[in-house]
Amino acid sequence: MTIGFFDSGIGGLTVLEESLRRLPAQDYLYMADTLHVPYGTKPQDDVRAYILKAVEQMMGEGIEALVVACNTATSIAVNELRELYSLPIIGMEPAVKPAVEMNHATGKRVLVFATPLTLQQSKYYALVSRVDEGGIVDSLPLPELVQYCENLQFDKRVLEDYFRDKLSGYDLNDYGIIVLGCTHYPFYTNILQEILPPHIRIVNGNAGTVRRLAALLSRYGVAGRGSGKVRFMCTGGEPEYIDKMRIALELLRGNEI
Ligand code: DGL
């Protein structure tokens, strides 16, 4: 059984890493749309076309389930992908609902980080309207963080300055939880946690997504017959980008960032 993971770039590796830990008896095909990363600052119609094309390419590789390991791509195209293909498709959604629930008792606010395109979508607006009865959710686009990540920029000083600047307009004592609503962002969880007041928790949707994947696989009666093998593909920039993906996955698996 090969499970396909798709993202604009290396962000979906944060979801793949979770899946490799939880579902080690599967094989994986990871696809990055290197020709078009980043998605989050581009027009929606262009991004939709990029996603359909890249996923079509993956379908020719014999995957049996697809994880759209990208919040932006999920919000733009997951419904259409499900209409086009009959295999199980799992998408990502910013973990706003669990964050609001977890935060309930503290009386503090929730801050969601995501790409500009995700935050502009009616899907995001509908999600927040559904779960945020108390009006405690604020959203902040962080497009530069995707670019840092794609450049494997993990210099603490650079990132700390960046986060401090972005958060300078917020009184962090008012917040209890930060939601990472883009799969690139968990690369920076540790760096971010260090500059936040200790009461703030950082959450992402990766574990929830992999739990849904596991449930779906068992519903389809698909037993794992693989060995955690990962094959990488991208839409351009080979072989350098393949190396970059391997390095980034190793960093995540070794807890080095
Ligand atoms: N990793 C993606 C996400 O989860 C998209 C980042 C980008 O290409 O802008 O939203």
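Heads up, the Cβ atoms here are built off N, Cα and C, so glycines get one too.
According to TrEMBL, the features are:
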| type | residues | note |
| --- | --- | --- |
| BINDING | Asp7, Ser8, Tyr39, Gly40, Asn71, Thr72, Thr183, His184 | substrate binding site |
| ACT_SITE | Cys70 | active site, proton donor/acceptor |
| ACT_SITE | Cys182 | active site, proton donor/acceptor |
Rounded to the nearest Å - Cα separation of Asn71 (substrate binding site) and Cys182 (active site, proton donor/acceptor): 6
Additional residues around substrate, ordered along the sequence, whose Cβ is within 8 Å of the centroid of Asp7, Ser8, Tyr39, Gly40, Asn71, Thr72, Thr183, His184: Gly9, Gly11, Gly12, Val37, Pro38, Cys70, Ala73, Thr115, Thr118, Val146, Cys182
Asp7 (substrate binding site) CB neighbourhood, other CB atoms within 10 A: 30
Mapped DSSP class for Asn71 (substrate binding site), helix or strand or coil: helix
For Asp7 (substrate binding site): DSSP state (helix, strand, coil): strand
Pairwise CA distance, Ser8 (substrate binding site) versus Cys182 (active site, proton donor/acceptor), rounded so that it is a whole Å: 11
Residues Asp7, Ser8, Tyr39, Gly40, Asn71, Thr72, Thr183, His184 binding substrate per the record - widest CA separation, whole Å: 12
His184 (substrate binding site) in three-state DSSP notation: coil
Rounded distance in angstrom between the Cα atoms of Cys70 (active site, proton donor/acceptor) and Asp7 (substrate binding site): 5
For Tyr39 (substrate binding site): intrachain residues, at least 6 apart, with Cβ closer than 8 Å: Ser8, Asp33, Val47, Tyr50, Ile51, Cys70, Thr72, Ala73, Ile76, Thr115, Leu117
